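Shown next, in structure tokens, is the structure this report addresses.
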Amino acid sequence: MHIYYKMGIVGEKLDIDFVISTGDNFYEDGLKGVDDPAFYQSFVDMYTAPSLQKTWYTVLGNHDYRGDVGAQLSPILKQKDSRWLCMRSFILDGEIVEFFFVDTTPFVEEYFTDPGEHTYDWEGVLPRLAYLSELLKDVDLALAQSKAKWKMVVGHHTINSAGHHGNTEELKQLLVPILEANDVDAYINGHDHCLQHIIDNNSGIHFITSGGGSKAWSGDVKPWKLEELKLYYDGQGFMSMQITKSKADIIFYDAFGKVLHTWSISKDRNVAAWI
């Protein structure tokens, strides 16, 4: 059975409120336009389970930037399927939790200086440094003003990862200080095609990779401190998060819906422990 079928079963069991997609929504080169059939093939006609008929909050990945970015951001797609919500950077207010979605692709200098055979759609991003400066200022201000019990940041690219792509140095340099200064609980990303859970020893931030929804890179793992690396799974899968005022329960599943790893973050005693 396909992974999206199992996602539907888990979604029904947990009675989910919404779905978050960590980017690279359409392979290999994004959408060609608003009428690209890939929107139906890779989204509308794929995630058909009743439990997945909720809003999908979506960020852009580097593969999406290789196509028509404006198509994914267009309200026309929401007319085709009301679940679809994709913006460059935005905030999802869940009352006790706020999710801060950050457009990470423009941070990666290599896409600009050495794109190789790929062509990127930078309309709306250039000049790059001004775009990044404004984005970082907005993220910092939004996090500082947030009154939410939990603060989660979502971006496509890894920050800390033992996977194929490894760490994204531009994000470590520019974004991590903002996350640390504003007591962010977790950073959730895709990009590396694996499932991964790292807890930074210094900051206590949970770095969560959920990039196994399509491809998976078997055996492609780098050394990492074992006291920080709580999970590394190199197969397909997905994750769920249930959040209350006092705790956030994270569960990772393989493609067959089998539980791989669970973790509970407590707000009451500021501890994290196995379930």
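From the backbone N, Cα and C atoms, a Cβ is placed for every residue, glycine too.
Note that the structure is predicted; figures quoted are calculated from it, not measured.
The domain 'Calcineurin-like phosphoesterase' annotation in TrEMBL covers 12-194. Per TrEMBL, Fe cation 1 binding site is recorded for Asp24, Tyr27, His193. Per TrEMBL, the feature Fe cation 2 binding site maps to Asp24, Asn62, His156, His191.
Structure coloured by features recorded in TrEMBL.
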residue: Asp24; record: Fe cation 1 binding site; Cβ contacts under 8 Å, 6 or more apart: Gly61, Asn62, His63, Asp64, His156, Gly190, His191, Gly211, Ser214
residue: Tyr27; record: Fe cation 1 binding site; Cβ contacts under 8 Å, 6 or more apart: Ser42, His63, Ser214, Lys215
residue: His193; record: Fe cation 1 binding site; Cβ contacts under 8 Å, 6 or more apart: Gly163, His164, Gly211, Gly212, Ser214, Lys215, Ala216, Trp217
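Per-residue pLDDT, averaged over the domain 'Calcineurin-like phosphoesterase' (12-194), rounds to 98. Cβ proximity to the Fe cation 2 site centre (mean Cβ of Asp24, Asn62, His156, His191, cutoff 8 Å) flags the following additional same-chain residues: Thr22, Gly23, Leu60, Gly61, His63, Asp64, Thr104, Thr105, His157, Gly190, Gly211. All protein chains shown were included, and the count of other CB atoms within 10 Å of the CB of His156 (Fe cation 2 binding site) stands at 28. Note on His191 (Fe cation 2 binding site): other Cβ atoms within 10 Å of its Cβ, all shown chains, come to 27.
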